[in-house]
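See structure below.
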């Protein structure tokens, strides 16, 4: 179940922008880069699992030391303030009788039994500057996520409704290129329709940022089902069209100009590191967790390749939309109206359920970043200022641009790069140092990454930093050409 959740988490919105990125970079370059970035993402996933085990060992060790001190003082005063802060709310775990558990089954000290989130690991293993950089990276990534979501829903609504109501019914994916200034309905232009939908989206989902979002289980189940139906439908429809000899795609082998966006889209599409503690911790038997995660990555790689290759051979490069689902709103592709509207509006349903959850996560990260020990925020700051600074920037970005491929590319290439490569590598390095200091040089973490040599950490760090340089240089060069 944990691995199914991981599959669902990774195969998300990023996958919908991948076919266009594949087409602009060329099929061979795209496949090689996709496989390489999949391998890099798997490596850093094993680093995060290793850091989680080290964090669990440290918490367990601290509790055992505390219990010894309490027994020596013959005191039952409970948990100290510093321990509560360290545990970050894991009260049940604090009071669990570790020694009786040890007598019963003698678990390894590195067993992952408590959920230790990335932020908590950062505060355990990094210094103050490192912790602040970590939160800065997470916040930028979540802002990018929200901007992508805020643009994707109005774009889908605009494309579907302007085609259904206007004179060009059924022609969203027929290769006709529409400008934002083209008419949508009557005097209203397409860009006006987009902004009206963005305003409605903000008014409907924005207020959730000011409250807590809970009990989303059934929403998530429905979203996952819809996602699977949509992806399988798109692959089948593209394959049917190719088998009938109606394929129009003639993708090139390599186009270096498209690599920048493809890199960002691929990084964004393999993102799961920030959610690993919630996914891995509940798995009961973790002995083969790294092998099972590898299997997950191989399946995801095959799925992405299948989706992208069917897309680039089915549709001409210039007709592939930023949001791949919109290519199926053309009557020639599929003449069943329900399927056309289901695929065209698919991002609206799925993204709308995720937007409030990510907004609340971002708001809570802002609160954690500015948190002072023992201090509470005034009501206005807590309930108005933090939600406002969460909601306004992504909506403004979505108001200024609806170029989804670029939004996904930039979010993945910068913040995604930090979360997927740099932070896990630093966590693995610092947790190994801490483990040696606390438990001695002979101690072996049972969840040690298969990439245990320091070379791999250095390799990931060099790769991450060189990606920053490459993407920035590429943006500067392409801007100066314009």
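The backbone N, Cα and C atoms fix where each Cβ goes, glycine too.
It is 125-144, from the ranges 105-124, 125-144, 145-164, 165-184, that TrEMBL records as transmembrane segment. According to TrEMBL, the feature transmembrane segment maps to residues 333-362, out of the candidate ranges 63-92, 333-362.
Feature transmembrane segment, per TrEMBL, maps to range 27-57 of the set 27-57, 368-398. Checking TrEMBL for transmembrane segment across the ranges 292-313, 402-423 points to 292-313.
Segment annotation: TrEMBL labels transmembrane segment over residues 262-280 (candidates 262-280, 433-451). Outside the transmembrane segment (262-280) by six or more residues, the chain places 2, 5-6, 9-12, 14-15, 17-18, 21-22, 24-25, 29-30, 33-34, 37-38, 41, 44-45, 48-49, 52, 112, 115-118, 138, 141, 286, 289, 300, 304, 405, 408-413, 416-417, 419-420, 423-424, 467, 470-471 with a CB less than 8 A from a CB of the stretch.
Against the transmembrane segment (333-362), stretch 194-213 has more CB pairs under 8 A than any other of 27-57, 125-144, 194-213, 292-313. Long-range Cβ contacts of the transmembrane segment (125-144) within its own chain (Cβ-Cβ under 8 Å, at least 6 residues beyond either end) map to 51, 54-55, 118-119, 274, 358, 361-362, 365-366, 368-369, 393-394, 397, 407, 410-411, 414-416, 418-419, 422-423, 426-427, 430-431, 434.
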